[in-house]
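Novice: One structure coming up, written as structure tokens, with questions to follow.
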Amino acid sequence: MAGGKIKKEKPSRGAAAGSSNHYQGGIQFHKSKGQHILKNPLLVDSIIQKAGINSTDVILEIGPGTGNLTKKLLEAGKSVVAVELDPRMVLELQRRFQGTPYSNRLKVIQGDVLKCDLPYFDICVANIPYQISSPLTFKLLNHRPVFRCAVIMFQREFAMRLVAQPGDTLYCRLSVNTQLLARVSHLLKVGKNNFRPPPKVDSSVVRIEPRKPAPSVNFKEWDGLVRICFTRKNKTIGAIFKQKRVLSILEKNYKTLQALQVSQGNGDQMATDASVLGDGGELNMETDDENDDVDDDMEMDDGESKGSEFKEKVLGVLKQGKYEDKRSSKLAQADFMHLLSLFNQAGIHFS
């Protein structure tokens, strides 16, 4: 409800089409806009309890809809800032609390949460349109000042990727990048019948606590490395870094930095915008976490560059850290950090 574009709905035809519409307070909900209202009051209470809200907290709510969760948040905290894209929902929210003791403690921002400048908040509680899950997660983690925690309803598979650990089937670039910036824990599994209208998939509630202080790493460099490693997460790191396209990209970076006379120290400057971890990145490498049996679209090295000095330099880094035969699917945060530092020490950069 708080993100993405509002699409014009096609008018329904006939009584059969009209019977599938879902309403609350006279407002029709649209699945195409990610509008699934949480209808189970016990579940709302459980989310409030697990959020650990203090009476002094400013709460950011994303996608408040008609205000079922908003009311509970206002009862628990100091104030609520609600971001909602749909103008119909904004009007309904304002009507619902107008003339109540809560009216002066609720601020409603109409707009796309991905484009809005978010104000200060202590806690974020959100039931979001699932299509904005990744960019929203990293926008929140990039927010300053750092908030205490976020309790967010995600599509279940996305949530399980967030919390996945090395060796888990769903462990992927998203897992690594999120856990670099935050501690993530699974709180609740939520069946689709708890929503009106019910979505096609189950959901999960996740707690995200930003790490304080933020890790001292160049986020573009970090994401460049992780993106390459997860092109085929179950192949060995050695096999991945022997691919022609990977070597070509890294060698181009290497020669460019040498030409610009950028020292190793300058190359290690921190990139403070963590939102790059949730976008396409600069290396433009396609990730494929699950189809490791599919032939790689990046041509494997066929011997043309076997004697190339740069290739030997890259393989020397992997050998130094004993990473040639390891697999990304089983590497922990500390392993990726160590590998990045070894590459940087050799003058090899990923952005």
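All positions are counted from 1 along the displayed chain.
Glycine is treated like the rest: Cβ placed from N, Cα and C.
Found this in TrEMBL, in case it helps:
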- 1-10: compositional bias 'Basic residues' (COMPBIAS)
- 1-21: region 'Disordered' (REGION)
- H36, L38, G63, E84, D112, N127: S-adenosyl-L-methionine binding site (BINDING)
- 43-212: domain 'Ribosomal RNA adenine methylase transferase N-terminal' (DOMAIN)
- 276-309: region 'Disordered' (REGION)
- 285-302: compositional bias 'Acidic residues' (COMPBIAS)
Novice: Please identify which of E84, D112 has the densest Cβ environment, defined as other Cβ atoms within 10 Å, among these binding-site residues.
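Specialist: Highest number of other Cβ atoms within 10 Å: E84.
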Novice: Given a separation of at least six residues and a C-beta threshold under 8 Å, show me what packs close to L38 (S-adenosyl-L-methionine binding site) in the same chain.
Specialist: V44, N68, L69, N127, M153, N194, F195
Novice: Applying a 10 Å Cβ distance cut-off over all chains shown, what neighbour count does N127 (S-adenosyl-L-methionine binding site) have?
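Specialist: Excluding its own Cβ, the number within 10 Å is 27.
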